[in-house]
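Trainee: Below is the structure I would like to discuss, written out as structure tokens.
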Amino acid sequence: MYTCYVEEISSNQILHLLCLISDVCLSDLCTLWTGLTRIKPTMSFYPSYLMCLCLGILCVVFVSYWNAEWRGGFAWDGSSKQFNWHPVLMVAGLVVMYGNAAVVYRVPLTWGHSKTPWKLMHAGMLLLALILSVLGLCAVFDFHNAKTIPNLYSLHSWIGICTVALFASQWVVGFVAFLLPCCALEIRKLIKPLHVWMGAIILVLSIVSCISGINEKLFFSLKGNDNMTQPYAKLPSEALFANSLGVLIVLFGLVVLYILHNQSWRRPELGHDGEGYRPLSHEES
């Protein structure tokens with residue numbers, strides 16, 4: 001009788017132990033699978049992000065070299081050298097800085113931590129991009145006024161000024177809705193999809209503005225013998241270089257949009273911070 005009782009207890013213990021082992025193994029397998037599924041998109045993100053950074057640097061280098069080498073350099077005296085700040089500041093701010101600010105939340109290093117520092121970085125980079133863009137507009141308006149050239153008459157200028165206006169509005173709405181504690185959670189939920197969509201639209205408009213501006217500048221500058229230059233149609237070295245700048249800008253925009261569009265690279269929205277955009281006063285540490 002005693003022996004049977006011991007065998008029965010031992011069997012129950014074995015079954016219980018097997019159940020515990022299976023639960024632990026299943027939990028470990030789930031954790032391992034989750035980790036593997038997260039590692040793969042994380043590892044594939046960095047080549048695209050590196051390409052984004054390299055293309056952005058090349059855009060700034062190309063636009064700076066173009067205006068320094070062929071357009072006479074830079075000044076702030078109402079001359080054509082002041083105008084040269086316009087393409088440099090617009091490409092650096094409205095395209096490159098803006099694009100890098102847009103992909104901040106996609107960087108895996110920002111995942112799993114408080115969102116507050118990355119919100120501030122996102123907003124700060126966008127503010128810097130906006131300041132550079134406004135300075136670029138000041139450069140061209142001052143130049144036009146000094147030379148009595150009409151402002152805002154070309155399609156390029158219309159698209160450009162509308163893009164900067166949309167950008168400024170987007171930044172103000174984003175700051176009030178997602179950084180200040182005065183906006184209700186329901187309103188933030190409604191604003192977030194529009195905020196993301198409008199961000200991509202502004203980037204596209206920025207690229208269109210820059211491409212049209214480069215083309216317009218080449219048409220005005222490369223007229224032929226009357227200003228001691230080869231005509232644009234002959235594709236002189238300046239035209240070839242500036243056209244290459246335009247291609248780099250387009251490639252940069254495509255990489256940024258690809259990063260933003262890839263759903264596997266979106267920041268995980270888990271737990272209490274699941275709403276993603278929380279005002280600073282409510283942010284968890």
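Using the three backbone atoms N, Cα and C, a Cβ is placed for every residue, glycine included.
Annotations in TrEMBL come from automatic prediction, not curation.
According to TrEMBL, the protein carries these features:
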- 48-68: transmembrane segment (TRANSMEM)
- 51-261: domain 'Cytochrome b561' (DOMAIN)
- 88-108: transmembrane segment (TRANSMEM)
- 120-143: transmembrane segment (TRANSMEM)
- 155-182: transmembrane segment (TRANSMEM)
- 194-214: transmembrane segment (TRANSMEM)
- 240-260: transmembrane segment (TRANSMEM)
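Any idea what these are sitting next to in the structure?
Mentor: Sequence-distant contacts of the transmembrane segment (48-68) (same chain, at least 6 residues past either end, Cβ-Cβ under 8 Å): 74, 84, 87-88, 91-92, 95-96, 99-100, 103, 106-107, 238, 241-242, 244-245, 248-249, 251-252, 255-256, 258-259, 262.
Within the same chain, residues 90, 94, 98, 119-120, 123, 126-127, 129-130, 133-134, 137, 188, 191, 195, 198-199, 201-202, 205-206, 208-209, 212-213, 216, 277-282 sit at least 6 positions outside the transmembrane segment (155-182) and bring their C-beta atoms closer than 8 Å to a C-beta of that stretch.
Tertiary neighbourhood of the transmembrane segment (194-214): same-chain residues 86-87, 90-91, 94-95, 98-99, 102, 155-156, 159-160, 162-163, 166-167, 170, 173-174, 177-178, 242-243, 245-246, 249-250, 253, 256-257, 260, selected by CB-CB distance under 8 Å and a gap of 6+ residues from either end.
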